[in-house]
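*Asks:* Annotations per TrEMBL:
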type	residues	note
DOMAIN	47-311	domain 'G-protein coupled receptors family 1 profile'
TRANSMEM	35-56	transmembrane segment
TRANSMEM	68-89	transmembrane segment
TRANSMEM	109-131	transmembrane segment
TRANSMEM	152-177	transmembrane segment
TRANSMEM	197-224	transmembrane segment
TRANSMEM	250-271	transmembrane segment
TRANSMEM	291-313	transmembrane segment
Amino acid sequence: MEGSTVSNSKIASANLSTSFSNGSSSPVSLSFPPIVLSGFTLFGLITNGLICWATAKTKRLHTPTFCLVVNMAISDCIILVTGLASTIINAIMSSMAISVISATIACKLIGFTNICGVITSTLTLSAISIDRTLILTTKSRRRTLFNSNKKLNILVGLIWLIAAIVALPFGVLMTVFPSSPICDIKNISRTFNGTYFIILFIVAYMIPAITVIIMYTKIIVVLAKGISKQRNSSAFELIRKHHIKLIKTLSIVTVIFFLLAGPLFIIYIIIALSGKSAFNYMLSLSRPQAQILQICFIALYLSCLLNPIIYFFMNSTLRQALTCKSQCYGRLQPTIHVAPAN
(Lines of atoms letter the chains of each structure in order from A and count residues from 1; the text may use other names and numbers.)
(Lines give C-alpha, C1' and ligand atoms only; values in the text may rest on other atoms or scores of the structure.)
Protein backbone atom coordinates (compact mmCIF):
# COMPACT_ATOMS: atom_id res chain seq x y z
CA MET A 1 0.00 0.00 0.00
CA GLU A 2 2.77 2.40 0.91
CA GLY A 3 4.68 1.59 -2.29
CA SER A 4 1.54 2.20 -4.33
CA THR A 5 1.00 5.59 -2.66
CA VAL A 6 4.56 6.69 -3.36
CA SER A 7 4.27 5.53 -6.97
CA ASN A 8 1.05 7.46 -7.49
CA SER A 9 2.59 10.55 -5.91
CA LYS A 10 5.60 10.38 -8.21
CA ILE A 11 3.36 10.39 -11.23
CA ALA A 12 1.28 13.24 -9.85
CA SER A 13 4.33 15.35 -9.05
CA ALA A 14 5.55 14.89 -12.58
CA ASN A 15 2.48 16.79 -13.69
CA LEU A 16 3.52 19.77 -11.59
CA SER A 17 6.86 20.06 -13.29
CA THR A 18 5.65 19.47 -16.83
CA SER A 19 2.03 20.51 -17.17
CA PHE A 20 1.19 16.91 -18.11
CA SER A 21 1.48 13.46 -16.66
CA ASN A 22 3.47 10.36 -17.32
CA GLY A 23 0.66 7.88 -17.51
CA SER A 24 2.75 4.83 -18.33
CA SER A 25 2.30 3.27 -14.88
CA SER A 26 -0.19 5.51 -13.15
CA PRO A 27 -3.47 3.97 -11.98
CA VAL A 28 -5.11 7.39 -12.21
CA SER A 29 -7.74 7.08 -14.92
CA LEU A 30 -7.06 10.53 -16.35
CA SER A 31 -3.43 9.71 -17.18
CA PHE A 32 -2.48 8.96 -20.76
CA PRO A 33 -0.06 6.24 -21.89
CA PRO A 34 3.11 7.63 -23.50
CA ILE A 35 2.03 6.41 -26.94
CA VAL A 36 -1.24 8.35 -26.66
CA LEU A 37 0.58 11.44 -25.39
CA SER A 38 2.99 11.15 -28.32
CA GLY A 39 0.05 10.97 -30.72
CA PHE A 40 -1.58 14.06 -29.21
CA THR A 41 1.71 15.93 -29.35
CA LEU A 42 2.26 15.00 -32.99
CA PHE A 43 -1.29 16.06 -33.84
CA GLY A 44 -0.78 19.39 -32.09
CA LEU A 45 2.52 20.01 -33.84
CA ILE A 46 0.97 19.28 -37.24
CA THR A 47 -2.13 21.43 -36.76
CA ASN A 48 -0.24 24.36 -35.25
CA GLY A 49 2.36 23.97 -37.98
CA LEU A 50 -0.40 24.19 -40.59
CA ILE A 51 -1.52 27.47 -39.02
CA CYS A 52 1.98 28.85 -39.55
CA TRP A 53 2.19 27.46 -43.09
CA ALA A 54 -1.23 28.73 -44.16
CA THR A 55 -0.51 32.18 -42.76
CA ALA A 56 2.85 32.36 -44.54
CA LYS A 57 1.33 31.25 -47.86
CA THR A 58 -1.73 33.52 -47.75
CA LYS A 59 -1.16 37.21 -48.40
CA ARG A 60 -4.57 38.03 -46.94
CA LEU A 61 -3.27 36.76 -43.61
CA HIS A 62 -0.10 38.84 -43.61
CA THR A 63 -1.50 41.08 -40.90
CA PRO A 64 -0.38 41.87 -37.34
CA THR A 65 -3.23 39.79 -35.91
CA PHE A 66 -2.32 36.61 -37.75
CA CYS A 67 1.39 37.13 -37.20
CA LEU A 68 0.56 37.09 -33.49
CA VAL A 69 -1.61 34.01 -34.05
CA VAL A 70 1.47 32.32 -35.53
CA ASN A 71 3.47 33.39 -32.49
CA MET A 72 0.94 31.71 -30.22
CA ALA A 73 0.95 28.59 -32.41
CA ILE A 74 4.70 28.39 -31.81
CA SER A 75 4.28 28.78 -28.04
CA ASP A 76 1.57 26.10 -28.09
CA CYS A 77 4.01 23.76 -29.82
CA ILE A 78 6.55 24.48 -27.09
CA ILE A 79 4.01 23.56 -24.40
CA LEU A 80 3.20 20.32 -26.22
CA VAL A 81 6.83 19.35 -26.79
CA THR A 82 7.90 20.07 -23.21
CA GLY A 83 4.98 18.03 -21.92
CA LEU A 84 6.18 15.05 -23.94
CA ALA A 85 9.84 15.73 -23.11
CA SER A 86 9.13 15.71 -19.38
CA THR A 87 7.36 12.37 -19.70
CA ILE A 88 10.39 10.97 -21.49
CA ILE A 89 12.94 12.33 -19.01
CA ASN A 90 10.94 11.05 -16.03
CA ALA A 91 10.68 7.63 -17.68
CA ILE A 92 14.42 7.60 -18.33
CA MET A 93 15.23 8.59 -14.75
CA SER A 94 12.98 5.88 -13.35
CA SER A 95 14.26 3.09 -15.60
CA MET A 96 18.01 3.67 -15.83
CA ALA A 97 20.87 5.33 -14.03
CA ILE A 98 21.45 8.94 -15.02
CA SER A 99 23.71 11.50 -13.41
CA VAL A 100 22.04 13.92 -11.02
CA ILE A 101 23.59 16.86 -12.85
CA SER A 102 22.24 15.77 -16.24
CA ALA A 103 18.79 15.05 -14.80
CA THR A 104 18.69 18.38 -12.99
CA ILE A 105 19.71 20.33 -16.09
CA ALA A 106 17.06 18.52 -18.15
CA CYS A 107 14.35 19.25 -15.56
CA LYS A 108 15.34 22.91 -15.34
CA LEU A 109 15.34 23.38 -19.12
CA ILE A 110 12.00 21.62 -19.55
CA GLY A 111 10.33 23.51 -16.70
CA PHE A 112 11.69 26.88 -17.84
CA THR A 113 10.71 26.32 -21.48
CA ASN A 114 7.25 25.04 -20.58
CA ILE A 115 6.25 27.98 -18.39
CA CYS A 116 7.87 30.36 -20.89
CA GLY A 117 5.51 28.99 -23.54
CA VAL A 118 2.50 29.47 -21.28
CA ILE A 119 3.45 33.08 -20.51
CA THR A 120 4.06 33.82 -24.19
CA SER A 121 0.60 32.52 -25.07
CA THR A 122 -1.21 34.73 -22.54
CA LEU A 123 0.80 37.82 -23.50
CA THR A 124 0.22 37.13 -27.19
CA LEU A 125 -3.54 36.87 -26.66
CA SER A 126 -3.53 40.24 -24.91
CA ALA A 127 -1.49 41.75 -27.78
CA ILE A 128 -4.01 40.39 -30.29
CA SER A 129 -6.87 42.03 -28.39
CA ILE A 130 -5.01 45.36 -28.40
CA ASP A 131 -4.34 45.08 -32.13
CA ARG A 132 -8.00 44.37 -32.96
CA THR A 133 -9.15 47.25 -30.76
CA LEU A 134 -6.78 49.70 -32.44
CA ILE A 135 -7.90 48.61 -35.89
CA LEU A 136 -11.55 49.15 -35.02
CA THR A 137 -11.16 52.40 -33.10
CA THR A 138 -8.76 54.28 -35.41
CA LYS A 139 -9.53 55.68 -38.83
CA SER A 140 -6.46 54.12 -40.44
CA ARG A 141 -4.42 51.01 -39.74
CA ARG A 142 -1.31 53.11 -40.12
CA ARG A 143 -2.18 54.68 -36.79
CA THR A 144 -1.98 51.37 -34.91
CA LEU A 145 1.02 50.37 -32.87
CA PHE A 146 1.82 47.41 -35.12
CA ASN A 147 1.77 49.09 -38.54
CA SER A 148 5.20 47.86 -39.68
CA ASN A 149 7.19 44.65 -39.68
CA LYS A 150 9.83 46.29 -37.52
CA LYS A 151 7.35 47.23 -34.81
CA LEU A 152 5.73 43.80 -34.99
CA ASN A 153 9.09 42.06 -34.66
CA ILE A 154 9.92 44.25 -31.68
CA LEU A 155 6.58 43.35 -30.09
CA VAL A 156 7.10 39.61 -30.58
CA GLY A 157 10.66 39.85 -29.30
CA LEU A 158 9.48 41.81 -26.27
CA ILE A 159 6.84 39.19 -25.50
CA TRP A 160 9.42 36.41 -25.52
CA LEU A 161 11.88 38.48 -23.50
CA ILE A 162 9.30 39.18 -20.79
CA ALA A 163 8.29 35.51 -20.78
CA ALA A 164 11.91 34.40 -20.41
CA ILE A 165 12.61 36.84 -17.58
CA VAL A 166 9.47 35.89 -15.66
CA ALA A 167 10.06 32.16 -16.25
CA LEU A 168 13.72 32.24 -15.18
CA PRO A 169 13.05 31.72 -11.43
CA PHE A 170 10.81 28.79 -12.35
CA GLY A 171 13.77 27.12 -14.02
CA VAL A 172 15.88 27.80 -10.94
CA LEU A 173 13.27 26.13 -8.72
CA MET A 174 13.15 23.00 -10.87
CA THR A 175 15.24 20.15 -9.49
CA VAL A 176 15.30 16.38 -9.04
CA PHE A 177 13.75 15.04 -5.84
CA PRO A 178 16.64 13.71 -3.69
CA SER A 179 15.25 10.23 -3.02
CA SER A 180 13.18 9.74 -6.17
CA PRO A 181 14.09 9.98 -9.87
CA ILE A 182 11.55 12.61 -10.85
CA CYS A 183 11.46 16.32 -11.65
CA ASP A 184 10.33 18.42 -8.72
CA ILE A 185 9.73 22.06 -7.79
CA LYS A 186 11.74 22.79 -4.68
CA ASN A 187 10.46 25.18 -2.03
CA ILE A 188 13.22 27.58 -1.00
CA SER A 189 10.87 29.28 1.46
CA ARG A 190 7.22 30.26 1.70
CA THR A 191 8.22 33.89 1.21
CA PHE A 192 10.33 33.34 -1.90
CA ASN A 193 8.13 30.76 -3.61
CA GLY A 194 4.90 32.46 -2.61
CA THR A 195 6.09 35.87 -3.81
CA TYR A 196 7.36 34.50 -7.10
CA PHE A 197 4.26 32.51 -8.00
CA ILE A 198 1.97 35.38 -7.05
CA ILE A 199 4.01 37.69 -9.30
CA LEU A 200 3.86 35.01 -12.01
CA PHE A 201 0.08 34.87 -11.64
CA ILE A 202 -0.24 38.67 -11.88
CA VAL A 203 2.15 39.20 -14.80
CA ALA A 204 1.35 36.10 -16.84
CA TYR A 205 -2.37 35.81 -16.13
CA MET A 206 -4.16 38.66 -14.38
CA ILE A 207 -2.72 41.57 -16.40
CA PRO A 208 -3.26 39.82 -19.77
CA ALA A 209 -6.75 38.68 -18.70
CA ILE A 210 -7.79 42.18 -17.60
CA THR A 211 -6.35 43.62 -20.82
CA VAL A 212 -8.29 41.13 -22.91
CA ILE A 213 -11.54 41.86 -21.07
CA ILE A 214 -11.16 45.62 -21.50
CA MET A 215 -10.14 45.42 -25.16
CA TYR A 216 -12.87 43.01 -26.24
CA THR A 217 -15.46 45.01 -24.30
CA LYS A 218 -14.48 48.06 -26.35
CA ILE A 219 -14.67 45.99 -29.53
CA ILE A 220 -18.15 44.73 -28.66
CA VAL A 221 -19.32 48.29 -28.04
CA VAL A 222 -17.89 49.49 -31.36
CA LEU A 223 -19.36 46.61 -33.35
CA ALA A 224 -22.72 46.87 -31.60
CA LYS A 225 -23.17 50.60 -32.11
CA GLY A 226 -21.19 51.08 -35.30
CA ILE A 227 -20.56 54.54 -36.67
CA SER A 228 -23.87 56.37 -36.96
CA LYS A 229 -22.96 58.10 -40.21
CA GLN A 230 -21.91 54.85 -41.88
CA ARG A 231 -24.30 52.37 -40.33
CA ASN A 232 -26.60 52.38 -43.35
CA SER A 233 -23.71 51.91 -45.75
CA SER A 234 -23.58 48.45 -47.32
CA ALA A 235 -19.78 48.62 -47.46
CA PHE A 236 -19.63 49.44 -43.77
CA GLU A 237 -21.97 46.57 -42.88
CA LEU A 238 -19.86 44.14 -44.91
CA ILE A 239 -16.67 45.19 -43.13
CA ARG A 240 -18.51 45.05 -39.82
CA LYS A 241 -19.58 41.46 -40.46
CA HIS A 242 -16.02 40.51 -41.35
CA HIS A 243 -14.78 41.97 -38.08
CA ILE A 244 -17.48 40.20 -36.09
CA LYS A 245 -16.57 36.83 -37.61
CA LEU A 246 -12.88 37.21 -36.80
CA ILE A 247 -13.55 38.56 -33.32
CA LYS A 248 -15.75 35.54 -32.56
CA THR A 249 -12.90 33.21 -33.49
CA LEU A 250 -10.32 35.10 -31.45
CA SER A 251 -12.69 35.44 -28.50
CA ILE A 252 -13.38 31.71 -28.34
CA VAL A 253 -9.67 30.86 -28.45
CA THR A 254 -8.92 33.49 -25.80
CA VAL A 255 -11.69 32.46 -23.41
CA ILE A 256 -10.86 28.76 -23.65
CA PHE A 257 -7.13 29.28 -23.09
CA PHE A 258 -7.55 31.61 -20.11
CA LEU A 259 -10.17 29.38 -18.50
CA LEU A 260 -7.98 26.30 -18.85
CA ALA A 261 -4.73 28.03 -17.88
CA GLY A 262 -6.10 29.77 -14.79
CA PRO A 263 -6.14 26.72 -12.48
CA LEU A 264 -2.47 26.06 -13.32
CA PHE A 265 -1.31 29.36 -11.80
CA ILE A 266 -3.56 28.91 -8.76
CA ILE A 267 -2.16 25.44 -8.12
CA TYR A 268 1.38 26.77 -8.22
CA ILE A 269 0.48 29.43 -5.63
CA ILE A 270 -1.16 26.86 -3.35
CA ILE A 271 1.89 24.62 -3.51
CA ALA A 272 4.24 27.55 -2.86
CA LEU A 273 2.28 28.70 0.20
CA SER A 274 2.21 25.16 1.59
CA GLY A 275 5.93 25.41 2.27
CA LYS A 276 6.52 22.05 0.57
CA SER A 277 8.08 20.97 -2.68
CA ALA A 278 5.71 19.81 -5.40
CA PHE A 279 6.58 16.18 -4.68
CA ASN A 280 5.99 16.46 -0.93
CA TYR A 281 2.79 18.40 -1.50
CA MET A 282 1.46 15.63 -3.75
CA LEU A 283 2.30 13.09 -1.05
CA SER A 284 -0.14 14.87 1.26
CA LEU A 285 -3.05 14.71 -1.20
CA SER A 286 -5.75 12.11 -1.38
CA ARG A 287 -6.42 10.36 -4.68
CA PRO A 288 -9.50 12.51 -5.53
CA GLN A 289 -7.47 15.66 -4.87
CA ALA A 290 -4.67 14.38 -7.09
CA GLN A 291 -7.22 13.66 -9.82
CA ILE A 292 -8.48 17.25 -9.66
CA LEU A 293 -4.95 18.52 -10.19
CA GLN A 294 -4.57 16.02 -13.00
CA ILE A 295 -7.58 17.53 -14.74
CA CYS A 296 -6.11 21.03 -14.48
CA PHE A 297 -2.81 20.07 -16.09
CA ILE A 298 -4.41 17.96 -18.80
CA ALA A 299 -6.80 20.84 -19.59
CA LEU A 300 -3.90 23.21 -20.27
CA TYR A 301 -2.29 20.65 -22.54
CA LEU A 302 -5.50 20.02 -24.46
CA SER A 303 -6.07 23.75 -24.98
CA CYS A 304 -2.98 23.76 -27.19
CA LEU A 305 -4.68 21.11 -29.33
CA LEU A 306 -7.99 22.98 -29.52
CA ASN A 307 -6.62 26.35 -30.68
CA PRO A 308 -5.67 25.36 -34.26
CA ILE A 309 -8.88 23.35 -34.63
CA ILE A 310 -10.93 26.42 -33.73
CA TYR A 311 -8.99 28.62 -36.16
CA PHE A 312 -9.46 26.22 -39.07
CA PHE A 313 -13.10 25.55 -38.25
CA MET A 314 -14.07 29.23 -38.06
CA ASN A 315 -11.73 30.86 -40.60
CA SER A 316 -12.41 30.08 -44.26
CA THR A 317 -9.20 31.77 -45.40
CA LEU A 318 -7.09 29.29 -43.45
CA ARG A 319 -9.14 26.35 -44.72
CA GLN A 320 -8.89 27.40 -48.36
CA ALA A 321 -5.16 27.98 -48.02
CA LEU A 322 -4.79 24.29 -47.17
CA THR A 323 -6.90 23.10 -50.10
CA CYS A 324 -4.81 25.02 -52.64
CA LYS A 325 -1.73 23.29 -53.94
CA SER A 326 1.39 25.24 -53.16
CA GLN A 327 2.57 25.24 -56.79
CA CYS A 328 -0.62 26.85 -58.11
CA TYR A 329 -1.39 28.96 -55.07
CA GLY A 330 -0.15 32.19 -56.66
CA ARG A 331 -2.48 31.66 -59.64
CA LEU A 332 -5.56 30.74 -57.60
CA GLN A 333 -5.26 33.25 -54.79
CA PRO A 334 -6.92 36.22 -56.62
CA THR A 335 -10.00 34.05 -57.31
CA ILE A 336 -10.54 33.10 -53.70
CA HIS A 337 -13.45 35.12 -52.33
CA VAL A 338 -13.09 35.27 -48.59
CA ALA A 339 -13.53 37.78 -45.85
CA PRO A 340 -10.47 39.97 -45.29
CA ALA A 341 -8.38 38.88 -42.31
CA ASN A 342 -8.75 42.34 -40.83
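Including glycine, each Cβ sits where the backbone N, Cα and C put it.
Not measured: the values here are computed from a predicted model.
Could you place the listed features in the three-dimensional structure?
*Replies:* As a whole-number mean, the pLDDT of the domain 'G-protein coupled receptors family 1 profile' (47-311) in this prediction is 86.
Non-local neighbours of the transmembrane segment (68-89) in the same chain are 14, 17-22, 24, 34, 37-38, 40-41, 44-45, 48-49, 51-52, 55-56, 103, 106-107, 110-111, 113-114, 116-118, 120-121, 124-125, 127-128, 131, 155-156, 159, 183, 300-301, 304-305, 307-308, 311; each lies 6+ residues outside the stretch with a CB under 8 Å from one of its CB atoms.
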*Asks:* Tell me whether the transmembrane segment (197-224) sits in contact with the transmembrane segment (35-56), defined here as at least 3 Cβ pairs under 8 Å among residues 6 or more apart in sequence.
*Replies:* no
*Asks:* Can you tell me which parts of the same chain pack against the transmembrane segment (35-56), counting only residues 6+ beyond its ends and a CB-CB cutoff under 8 A?
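*Replies:* Here the qualifying positions are 20, 23, 62, 66-67, 69-70, 73-74, 76-77, 80-81, 83-84, 87, 301-302, 304-305, 307-309, 311-312, 317-318, 321-322.
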*Asks:* Mind checking which residues of the chain, 6+ beyond the ends of the transmembrane segment (152-177), have their Cβ under 8 Å from one of its Cβ atoms?
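*Replies:* Beyond its ends, the transmembrane segment (152-177) has Cβ neighbours at 13, 17, 64, 67-68, 71, 93, 100, 103-104, 107-113, 115-117, 119-120, 123-124, 127, 145-146, 183-186, 188, 193, 196, 199-200, 203-204, 277, 279.
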